[in-house]
Amino acid sequence: MSKTAYVRTKPHLNIGTMGHVDHGKTTLTAAITKVLAERGSGTFVPFDRIDRAPEEAARGITINIAHVEYETDTRHYAHVDMPGHADYVKNMVTGAAQLDGAILVVSALDGIMPQTAEHVLLARQVGVDHIVVALNKADAGDEELTDLVELEVRDLLSEHGYGGDGAPVVRVSGLKALEGDPKWTASIEALLDAVDTYVPMPERYVDAPFLLPVENVLTITGRGTVVTGAVERGTVRVGNRVEVLGAGLETVVTGLETFGKPMDEAQAGDNVALLLRGVPRDAVRRGHVVAAPGSVVPRSRFSAQVYVLSAREGGRTTPVTSGYRPQFYIRTADVVGDVDLGEVGVARPGETVSMIVELGREVPLEPGLGFAIREGGRTVGAGTVTALV
């Protein structure tokens with residue numbers, strides 16, 4: 001059976017749900033797909049299909065980043081259901097790096113929790129510029145309490161530069177919408193309308209040389225190695241030569257798909273699978289970058305502006321000094337690096353500082369690129385590359 005080709009009829013955006021564990025992100029994602037399937041513009045993806053890995057189903061939490069797709073009247077969305085479990089926030093960093101906007105899910109019953117704040121901070125650091133709030137479980141909450149939670153959330157958004165007063169806050173119930181309750185089905189439609197109108201079409205860097213950070217690597221028996229990820233910039237077609245940075249090899253793209261549909265050309269913003277000719281499965285891994293040959297040079301040393309999280313934001317309680325060796329999350333790569341704070345020598349929690357970083361291995365870098373700094377399973381800093389040195 002031949003597959004139906006992907007036809008680009010509407011602008012494409014990448015959107016994600018984020019928020020604290022058990023506030024209902026995955027249920028809400030399932031509800032969105034159900035409401036749209038009933039409108040005829042998508043396929044219903046049940047809750048247990050979004051939480052894909054068996055270990056997650058057992059624990060009831062989302063670890064890997066799960067993608068679903070759907071369409072509203074005006075747009076085509078790839079929707080990322082992001083992990084809410086603290087150990088796995090690093091996965092969120094790489095997922096958030098490709099988002100055009102986000103739906104922050106906050107339980108109307110519990111209000112802001114530690115991860116709610118951490119996710120908002122991370123979203124800001126990795127360049128998510130627009131957040132729409134879904135106050136979930138609103139069917140079960142007391143209205144006055146829900147009003148207070150809304151004020152809290154607006155304050156949190158304002159604290160991180162998201163203009164909390166103007167951000168849409170929609171009261172929803174993912175569970176009731178899944179059960180088909182008309183009032184709460186309408187709330188999901190209102191949420192999607194808010195996303196359609198509040199999250200602008202981003203500028204896509206279609207004219208720049210092709211670049212795709214590798215998220216996952218798979219093997220298709222008899223056909224070869226497939227890499228998946230979101231195209232950061234440029235375009236790619238079947239037959240194009242590409243370079244895999246990190247693996248040190250050049251190859252040709254022999255197949256191109258999005259959500260299981262073949263496509264002629266992928267462009268910035270698309271979530272794609274690339275079939276690569278003659279590349280051994282173990283030669284490529286998450287964190288590598290597929291790019292137009294010669295368009296990027298991997299480097300290991302750079303200067304950066306870094307914000308060191310305060311203890312209140314879940315960061316360190318003690319200062320960072322030169323010689324500190326945390327993990328740097330850059331695109332989909334996770335690399336240890338040495339920090340040099342120069343004459344200042346010390347960076348206290350809550351401060352923004354300049355530093356020189358020497359990574360343990362070379363990765364494609366350029367000024368303006370955002371990254372997160374983590375140690376012991378928590379985010380301790382977030383920064384931007386200022387120059388290659």
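Indices start at 1 and increase along the chain as displayed.
Using the three backbone atoms N, Cα and C, a Cβ is placed for every residue, glycine included.
Predicted, not measured: the structure shown is a model, and the values here were computed from it.
Here's what Swiss-Prot has on this protein:
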{"type": "BINDING", "residues": "19-26, 81-85, 136-139", "note": "GTP binding site"}
{"type": "BINDING", "residues": "Thr26", "note": "Mg(2+) binding site"}
{"type": "DOMAIN", "residues": "10-203", "note": "domain 'tr-type G'"}
{"type": "REGION", "residues": "19-26", "note": "region 'G1'"}
{"type": "REGION", "residues": "60-64", "note": "region 'G2'"}
{"type": "REGION", "residues": "81-84", "note": "region 'G3'"}
{"type": "REGION", "residues": "136-139", "note": "region 'G4'"}
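Gly19 (GTP binding site) counts 26 other C-beta atoms within 10 Å of its own C-beta, drawing on all protein chains shown.
Here the region 'G1' (19-26) is broken down by DSSP into helix, strand and coil counts: 2 helix, 0 strand, 6 coil. DSSP assigns Ala138 (GTP binding site) to coil, not to a helix or a strand.
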